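J.: One structure is given below, represented as structure tokens, and several questions about it will come after.
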Amino acid sequence: MKTLLLTLVVLTIACLDLGYTKTCFNDDLANPKTTELCRHSMYFCFKNSWIAGGVERIERGCSLTCPDIKYNGKYIYCCTRDNCNA
């Protein structure tokens, strides 16, 4: 009986979805290729882009909040789906 109970507990833990983890692009290339698993509290993917020295700069990753500040020509985009910050 103990073996059956232990087996059921192990199967329950193995099959239980302990939480959804978001994935976001995390590189600075125009065509992103790499992703990262966001920490549990990170709900947004973001993409920052701006022009510096005549060259477009891009930053991507996971974020706890979605900043809507656009200043000095900097564009900030946030989204909530997996890999939506291409």
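Backbone N, Cα and C atoms are what each Cβ position is placed from, and that goes for glycine too.
Small disclaimer: the values here were computed from a predicted structure and weren't measured.
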J.: Identify which of Cys62, Cys66 is listed by Swiss-Prot as the disulfide partner of Cys78.
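T.: Here Swiss-Prot pairs Cys78 with Cys66 via a disulfide bond.
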J.: So, in Swiss-Prot, which cysteine from Cys24, Cys38 is disulfide-paired with Cys45?
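T.: According to Swiss-Prot, the disulfide partner of Cys45 among Cys24, Cys38 is Cys24.
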J.: Cβ atoms within 10 Å, counted per site: which of Cys45, Cys62, Cys66, Cys79 has the most, among these disulfide-bonded residues?
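T.: Going through Cys45, Cys62, Cys66, Cys79 one by one, the largest Cβ count within 10 Å is at Cys45.
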J.: Which site among Cys24, Cys38, Cys78, Cys84 has the most other CB atoms no more than 10 Å from its CB, taking these as disulfide-bonded residues?
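T.: Per the Cβ count, the most surrounded site is Cys24.
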